Structure formats: structure tokens, C-alpha cells
Amino acid sequence: MTLQTPLAEVAVQQEGPPVRTRSRSRRRIEPIYYLFLVPALLLFTGFVVVPAVIGIFYSFTDYVGYGSWSLLGLRNYTALFSDPDILGSYGFTLGFAVVTVVIAQVIALALAVALTKRIRFAAPLRTIFVIPMVLSGIVVAYVFNFLFSNSLPAFASAVGFAPLEQSILGNPDLAWLSIVTVSAWQTIPGALLVYTAGLTSIPGDLYEASSLDGASAWTQFRSITLPLIAGFVLINTVLGVKGYLGVYDVIVGLTGGGPGTSTRSVAMAIFGGFTGGDYAYQMANATIFFIVTVIISVAQLLVTRGRTIRL
Amino acid sequence: MSDPAAPRGAARRRRLGGTNWPLTILLLLATLTVLAPLYVTLSMAFKTSEQAVDGEAFALPAPFNPQSFAVAWELTRFPVSFGISLAVAAITVVLTLFLSSLAAYAIVRNWDRRLFRWSLFYLLAALFLPFPVVALPQIQLTAMTGLDNPIGVGILHAMFQLSFSVLLYTAYLRSIPIELEESARIDGATTWQIFRRIILPLLGPMNATVGIFAFLASWNDFMLPSLITADPALQTLPVVQNIFQSQFGTNYNVAFASYLMAMAPTIIVYLIAQRWVISGITQGAVKH
């Protein structure tokens, strides 16, 4: 989905203060600048902000998606907190996001470091590693669905590994692993590219000086690489988590939320509201989800603030 | 993460003759995680139905059977779905480039004005807005306004690209010296002429980056078209793939032929345009 493009991760990096401000406040503004800006603002407001506001408004009603409605106050919200299905979907989504972001970032960073070492075929290797990023999530999930339900069990019985002889997609305890795998597979490339950009911006003489002092590769990684790319780790993690929280395509293609509701994400629960008749209820869920997303993102930014080095 | 073959860094590596072969081999093996699923897709597509169900995904197709593509072509009405995907992506890319470059230019050149400064933050706030929050009302609004079709999907894709694109453009525009424009202004150029003749050409690489990201996001999306488009006959390529999950559950060879036809365009475009894709991220990530 569009908001989740792993590449969005790079972006926030530039939000910082260094801005070309000129003391032109007294000058009369040219009307054409409004003409440049207003279409974007109007369309954005109409297609994104207005729907968000409408949705939040309906979360205080008993609206079912059509017909009349009346105000309920906070009743949808209080009901949410005692709904085991909803709590289950939050539990799954948060756990999935944490596990996936850790796995994906560690692998992406390891690959990025490896690709900047003295290796052969660096360019073609990087080209191959980035391919998953350009593929459709749902189609990728369908391919992996086949691998998980046919190839993996066939392989497991061939080598006599009993736990995997049944498809993990049908196992409520293991199905989430398939979603972690495919999500990581898809999002590692974007993070890898961001890390590569970060690593190439580190001056090489830092490493030369430290190896003259006898620093090991691991020491160099810990004391030079990691502090200098901390900003990139932060951005990748914040927007990675945000993306994983909205996970949908991959689940649709792999498990459809099952078995049972063991892999049902918050996004799937919310979309179910349109067909399930509990529109207003799921809009309350969506509003809570928005708040949770913002809190997690801001918390990540605050916790890591001060430890990052601006490049 | 650490580099086992070069514990003493550059000096040791130089003595070993430059290339770190163990790491190279490790990375080559790691590419299998990407290439193996692609290989399975390719080989399954060329199998017969009998061979495809035997579970040996990694076996080569024998006999080699290209007929699945014809069946998949029919079932997914490939030319139609492909055309619709292309139209949606084209609307997205054109709208994104047009709206966000102009808006970003206005914002950067009027940064001292509150309205423009806040406009950027207003647009950026959407980076934290999860799609499910707006999805249900959007379904209703598009249905009411007659936009529950590929055109509406294209417009919505462009809206979701706006934050990211404006962000990239503003960062890039700030690195363009204003002196260029001032001399043109002295020569009597209007703001529109300056944008058209000076800024737009300078934005070239960023246009490519923003355009590619908008294209990929739009072309690959499943969620929005599946929710917004009311008429199943007007669905995009990723969405029509779901017919193989239900109706044609065991025709794996046909399903994989179809998956391959859905994946191939982006892989081809990527292999051609990878220079911009990769440099685009670098430009986005590292400040000028």
C-alpha cells in the first residue's frame, strides 16, 4: 500500500531545521504561488483529511454504513476494550511489528555492511537484493503461500523433520512466522538501500585510523559504524514499525487472518467493518489505531532522541 | 555483521589481495533467498498441471509447457487488467509529479510565510496516518462521487504519495541556489516561466525518483483498488490474481504463469531504471 513504501523511511531525515529562510517577510507575495499550492492542499483535504474527520465523527455514532444514525457517545470505545477479537488483533499486530522490525533491520544492516566491504559483484548483488521491493505484496504472498503449504512440508518430510511436515499456514501457533518472513523479505531492500546510503557517507579514514590502532571489525562496527548511522536506524525503525502495523496484503495472500483469528491484523478487522455492518464500531477501532500508531512513533523518536548524530 | 575474514581491517585485506572471497560467497548464497522464489515462479509457470501438483517446486519443468500463459491470459483478461493497472499508475504518476513539484516549489520559496510552512506540516502529517483510518469513509465518498473506479483509485494513490513526494521535492529544492532564479527575474521572467524553464529541468533526477516510487506504489497496490473499485471487471492486475486462490485452487501452473505476468513488468522496469531507484534513495537519505 502506498503509505507503506519502505522508501518513505528515508524521508523524514530531512525534516530538520536547516531551511533557507530569507528575511523577505515584508515583500508582497505573488498570487501565483497560491495557485501552485492550493490544488494539492484542496485535493489532499478532500480525499484524505475529510474522510478521516468523517470517520472519527461516525465512531461516536451507531452508523452501519448507510441509512440513519444516532449519537452513542463513547460507547463504541468502551466496548472495544472488552472485545477479545479486537484485543487479539492488537496483540498480534504489535507483536508482529516488533519481531519483524528487529529481524528486518538486523538483516538489512548486515547486508548493507557486507555490500560495502571488499567483495566481488557488489553492483549485481545489490541489484538482486533490491528486487523484492519492486514486487506486488499480494502476488509475492501468493507465491510464498505455495512454498509454505507445499514445498516446505515436502522438504520437511524428505529430511524427516516432523514439526514442519504440516503446513505452518494451518497451524495457529506458527502461521504468524510466515507473515513475518514475507514482510521482512519485502521490506529489507528499502532498509538496505537507506543503510547503504548511510554507510557510504561515513568517511573511510575513520576506519583506516582505527585499524592502525588495532581495532577489530566488530569494534569498528560498534564504535564507528553504528553511532554514525544511528539516524538511519531510527528512521528505518520508526517507519518500519508504522508500515508493519498496517499489514494487510501479505496476510490476505498467506493466511487470510487464519487459522481462526490467529493472524488477524488490526487493519483486517477494520476493513471487515464495512461488510460486517459494524461500521461505526470499526471506525472507533480505527481512531484508536491511529492514536496507537502516533504514540508508538513519537515514543520511538523521543526514546532515541539525543543518541542520533545528524549527518 | 562483522567481517570474519578481515579482522585486521584494510591492511590485512590488502595482503589478501583485495577481494573478500568468503564474504562474497556468503552474499552469493544469500541471493538465493531472493532468487529461489523467483525461480519457483518461473519453473512452475512452465510445468504441466500434473507436474505442478506433485509438490516438487524446485524440479525443472519436464515437459516444458508454455500453455499456462495462454490460459492465465484468458482468465485474468490480461490485456484489460494490464491496461487498467497502467491507467491507474499513469494517473498516479502524472498527478503526483504535477501537484507535489508545484506545491513544494511554492512552499520552499515562501518558507517565511506561515501558511506555506504549515502546509508542509499539514501534508507531512499524513505520513503518520494509517490507511485503515480513512479507508471506510473513502469507500463511501468515492461511491457517492462516482469515483469508485480506476480513476478514483489513481487519484487516491496520488494523495497517499503526496506527503513523501513533497518531502523529497522540498529537500531537493532547498539545495538549488536562489541566485539562478533571481537573475532570471531581473531579465523579466515570471514565476511560472522560472518554474517551467529553470526549476523543472533542474528537478529532472528528482522527478524520476518521485515518479518511479509513485509508479511502484500504484502498480503493486492491492488494498485500495480492491476496496474502492466497485466493478470487478475494472480491477487492476494484482487484484485479479485472487481468482487463483478460490476458483482455480489446484491449477498451480496457470496461477504461477499469471503471477509471473504480473511481476515481470516491474522487474523489467526496475532492471532498466535501477540507477535512478537506487540513487533516488541516496538523494533522499543524505542531505545536500
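These residue numbers are counts, starting from 1, taken along the chain as shown.
Any Cβ shown, glycine's included, is placed from N, Cα and C.
What TrEMBL says about this protein:
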TRANSMEM  A:32-60  transmembrane segment
TRANSMEM  A:90-115  transmembrane segment
DOMAIN    A:90-300  domain 'ABC transmembrane type-1'
TRANSMEM  A:127-148  transmembrane segment
TRANSMEM  A:174-195  transmembrane segment
TRANSMEM  A:224-245  transmembrane segment
TRANSMEM  A:283-303  transmembrane segment
Paired segments the transmembrane segment (A:174-195) and the transmembrane segment (A:32-60) in contact, 3+ CB pairs under 8 A: no
Distant-in-sequence neighbours of the transmembrane segment (A:32-60), which means Cβ under 8 A and at least six residues beyond its ends: 69, 71-74, 76-77, 279-280, 283-284, 286-287
Same-chain residues near the transmembrane segment (A:127-148), Cβ under 8 Å, at least 6 residues beyond its ends: 1, 6-7, 111, 115, 167-169, 178, 181-182, 185-190, 192-193, 249-254
